[in-house]
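The structure under discussion appears below in the form of structure tokens.
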Amino acid sequence: MKKLLALLMVLLLTFSLVACGGGEQAPTESDPKEQATAENAEAIPQIGVTIYKFDDNFMSFVRRAIEKNADGKAELTLNDSQNDQAKQNEQVEMMLSKEVKSLAINLVDPQAAATIISKAKEEEVPVIFFNKEPSAEDMASYDKCWYVGTDSSESGVIQGKLIADSWKAHPEWDKNSDGKIQYVLLKGEPGHPDAEARTKYSIETIVSEGIEVEELELQTGMWDSVKGKELMDAWLAKHGDGIEFVIANNDAMALGAMNALKAEGYFEGDKFMPVVGVDAIPDALTQIEAGTLVGSVLNDAANQGKATVDLALNVAQGKELLDGTTWKLDDKKAVRVPYLPITLDNIQIAKDCYSE
Amino acid sequence: MKNFKHFTKQDVLRWIMNNAIFVVLIALLMMIISVSPDFISIRNFRNILSQASTRVIMALGVGGIIVAKGTDLSLGRLVGLAAVVSASLLQSSEYAYKMYPNLPQLNIFIVILFVMIVTGFFGCINGFVVAKLKVDPFIATLGMMVIVYGVNSIYFDRPPYGAQPIGGLDKAFTNFAQGSFIVLGFKIPYLVIYAVIITIMIWVLWNKTKFGKNIFAIGGNIEAATVSGVDVVKYLLIVYTLGGMLYGLGGSLEAARIGSATNNTGNMYELDAISACIVGGLSFSGGIGTVGGIVIGVLIFQVIAYGLSFIGVNPYLQYIIKGLIIIIAVAIDSRKYIKKK
């Protein structure tokens, strides 16, 4: 009997979860206001969105920007692809069967774009890829697909510039006074275009600013803050104060590295180690304000989300792609949202990005 | 209907208990349909079937192992290995970033067979460690899961292009999994056909052969099976090897279906496959289960995943629902175990 009771409770819980979940995500079903007229329904097109991984820190901000910008203008079907391309393909099939008017796809694996494009092409549904860029070849294979993202190399260049400028302003950071930056680098997921470009261009830019560099360590932290901390723990044990700069491909890893540094007594008194990241996520901004993180590069989540919705909405309504927006297409059918360097001096720009 | 009076309240309760998982499912389905009536369509039906296909093949592999009172956590990583190896050998000749630039166009069947031999080999090691070295299946295959990921990553991440997802697959290969044919106006995906063929083969194996009888005997009571002359080691080796080979087939199809592969393909698939088996009525304590049950278990999860996304349930909430269903299934499973004792 006890077991039966438990079972009934589980049942009840499940139903209530589904009931409230369904209601929350599909307001048109219950909201009489929106059921009003057929033309109203026409005016609010369905857009299918997939996010490669819902709990990815940066993508969660893009997702919120998408939701905010689509509010009242489109009915979104949001999908969490759980970092699994097979799952994402299935979600695309599901949304096409739902007859969405356009797709906004954040690929799990950029190489899989061809499969998604062939599915969408069959139904003539336009696709806006965002944040992970398909190859030029795939983009050229379908006239109704576009890309919203950034220019990967730009974030590296800006990070390199930020490092060079701060290094020149703080001669005391050259602990062994050899005029070279002894750096360690936390790389993102190998093969990810952003990881490759940021690694390459940040170092190239420092060198082009006339500063010599010496690489002590370079390892992949998979964009992950725990991995960033673990690697930094090991490197600190190995090199200690021989490290003069910590360069991270993203803020999550930079923050992980800072935790390792804090555990070793850095950032107290005058024990300091410069760290830079990319993304300017809110956590990183607090650290910049506290004077512990040197700087970051703003990957403009708000505007990437906005651009994605602007484009997806226009094509869903059969309008011109850039109708009523200020975005510009480059020769690769892409809208590039610019990166910005963020330090204590201009931190407000980044903060505004996250405020409502 | 005359007998209706003879049903006591307790009989009804018992029926609900014994079929709780189906009660939950039917209720969930009703919920999905009531929120979105256009869920009922041939197209959705076809999508669900074709999406379940590769999972059925994998679940049948681990299903045999579960019947023999084992488990296999290396499933997902072996699927990943199969996906990466088959993708690397079947890239289109025009693709600029081929893993093997000078590789000629290979025959799809030969590649898949080769991959199945490779994953079957790893499965065989699993069987050896479990049967001969008497390591608990959970531990043995947990170790194998990590080893296979390492092996796969070494194969995957190397010059000239490093850890790039393996894309640009041969059109014939992607069509092998993504394609379909038309019968009487209905579009039938190839994948569904493969799954049906494998299901029939495994059904025959389980129900009409000595092998089938023996794995049920081993799972039911290993001592009794040994005493009555069953070569336990041999049959465990076979069942784990067969499992490995089916993951190999499933993984190759998965690569073709996705259109690319990385060393992370297939990650955690073992949990989906094992949960599907359990929900489909296989007992974790061995010796109980049917092929049909496994297929139903897989379909149940596919319907839930597809349906809940279709009506737009919050993705995080979907995790909770899926977890609850697994717990209910295991609660029923433990009841069966008590009954058996």
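Note that Cβ sites are derived from N, Cα and C of the backbone, with glycine treated the same way.
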From the ranges B:75-96, B:229-250, pick the one that TrEMBL records as transmembrane segment.
B:75-96
With the cut-off at Cβ under 8 Å and a gap of six or more residues from its ends, the chain residues touching the transmembrane segment (B:108-131) are 70, 72, 74, 78, 81-82, 85-86, 89-90, 137, 140-141, 143-144, 148, 170, 172-173, 176, 232-233, 236-245, 247-249, 251-252
Counting only residues at least 6 beyond its ends, the same-chain positions whose CB falls under 8 A of a CB in the transmembrane segment (B:277-304) are 21, 25, 28-29, 48-49, 51-52, 55-56, 59-60, 62-63, 66-71, 199, 202-203, 206-207, 216-221, 318, 321-322, 325-326, 329-330, 333, 336-337, 340
If we skip the immediate neighbours and take only residues 6+ beyond the ends of the transmembrane segment (B:48-68), which ones have a Cβ under 8 Å from one of its Cβ atoms?
75, 79, 137, 180, 189, 191-192, 194-195, 198-199, 202, 206, 215-216, 218-219, 235-236, 239-240, 242-247, 249-250, 253-254, 257, 269-270, 272-274, 276-278, 280, 282-284, 286-289, 291, 294-295, 297-299, 301-303, 306
